[in-house]
Amino acid sequence: SIMTGRKTMDPPHSPANLSEGKEKLRLKQEVGLISGVSLIAGTMIGSGIFMSPEWVLHHMGNPASSLLIWAACGLLAMFGALSYAELGTIIKESGGEYIYILRIFGSFPAFLFAYTSVILVRPAGLAAVCLSFAEYAVAPFYPGCSSPQVTVKCTAAACILLLTIINCLNVRLATSVMNVFTAAKLLALLAIVVGGLVLLAKGQTQSFQNGFQGTTVGIGAVGVAFYQGLWSYDGWNNLNYVTEELKKPEVTLPRAVMIAIPLVTCLYLLVNVSYLAAMSPSELLSSGAVAVTWGDKVLGSWAWLISLSVALSTFGSSNGTFFSGGRVCYIAAREGHMPEILSMAHVRRLTPSPALMFTSGMSLIMIVSGNFTSIVNLFSFIAWFFYGMTISGLLYLKIKKPELPRSYKVPIFIPIIVLMAAVYLVLAPIIDQPQIEILYIIPFLFSGVVLYFPLVRFKCHPRCLKSVTLHLQLFLEVAPTTRDAN
């Protein structure tokens, strides 16, 4: 729908009017309440619930405390989404954190967000989902042992290349793939929940006896456990990326959040209970693919159905991540924070192919250089740094700009809790047990500062840039999206 919009030049506005800017992408308002709930829930239910349970348990030390982490992650996602809902009714533009940071704090921090999002966060998220898809796709071929990392990474890379082709060819094809695979993931989770309830009814509750024994109390370990759990809830803010496409956003946005996130939280808790009913904690910790191990124990010869369902689920989630991945990149390029070529679309297919190809290339680099756990930690650290910045912007508006029109107001204690949680999630792993992938972020952010002033602030572009852009336009058959394609 990005490509069916119309970009117009508007006269400058007062800085106080936060919902308008120099350029405005006008999108069709076609997303209603049911579509909004589907977008949030469908994106949240991806690879995390099939990959993260063993890591949450590993860092927390026992089943009961790991279940508390899952519940706390759901509550935090709910609080964050409600805070974003108020922001979405004040600044009625698509783009999520990027557009909020741009309108509240200005160009420099918005550029740093776009820079990290386009080069690290989005590609890292896609790489992690594709790695989990690959883990489950190849698991049936290596029964009783761990899959070779080379095979897993090659399969993940093939997944990214296939997604690139699908999304560059046709928007309708990409959305159809997303809808089909969403049904698969729901069926897989419901099968696991029902199987777990049957096991509990038969009295298999050994994993829950002395549930809190051996609980980890280190602030760093708890923070990393939150990283792994919150990865499964990522997508709670996705509706804010399409605010301009919502029907009555002031009503649809908060209602969709209040329906989708509690639904996903309950489903995640039941799935974790089912895992623990079928496996002992030690068995769960030694499993490279938790749902596959569950299938082997519960379904026997039909266990391949779980592997197939989970692979389909994670493929669908990666397609959704890839489909929305070009949105921030596109809007940042529209605002002059990214190369112009990334704001262009294919002249016939009307897909943002340059942005998609760039995201694909960065994701392939992530797959080659990292593993699932390190990528998730990197993704979560950066994401919560900018979530915290966005929430602090909401608190600024609530305190300093109470006169701004807003149809929905979240109680102020909710964004305060989210901000405190964000500060904890950013600082705790650094203080207690710094990971090497997190330390890499400091020089990366510094490189963003170095690039901002000459390229964005003073617009000192290389002379060859226009020529390169022109040749890329001709080669990729893309053009600026100034024409109304409706």
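Cβ from N, Cα, C; glycine included.
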Exercise. Do you know which of 97-118, 295-316 TrEMBL annotates as transmembrane segment?
Worked result: 97-118
For this session: With Cβ distances under 8 Å as the criterion, find the stretch in 31-52, 64-85, 354-372, 378-398, 410-431 that has the most pairs with the transmembrane segment (154-174).
Result: 354-372
Seminar exercise, completed: Given 97-118, 180-200, 410-431, the one sharing the most C-beta pairs under 8 Å with the transmembrane segment (437-456) is 97-118
Exercise. With an 8 Å cut-off on Cβ pairs and a sequence gap of 6 or more, do the transmembrane segment (378-398) and the transmembrane segment (31-52) reach 3 or more such pairs?
Worked result: no
Exercise. Do the transmembrane segment (410-431) and the transmembrane segment (31-52) come together with 3 or more C-beta pairs under 8 Å, pairs six or more apart in sequence?
Worked result: no
Exercise. So which of 31-52, 180-200, 253-278 has the most C-beta pairs under 8 Å when paired with the transmembrane segment (64-85)?
Worked result: 253-278
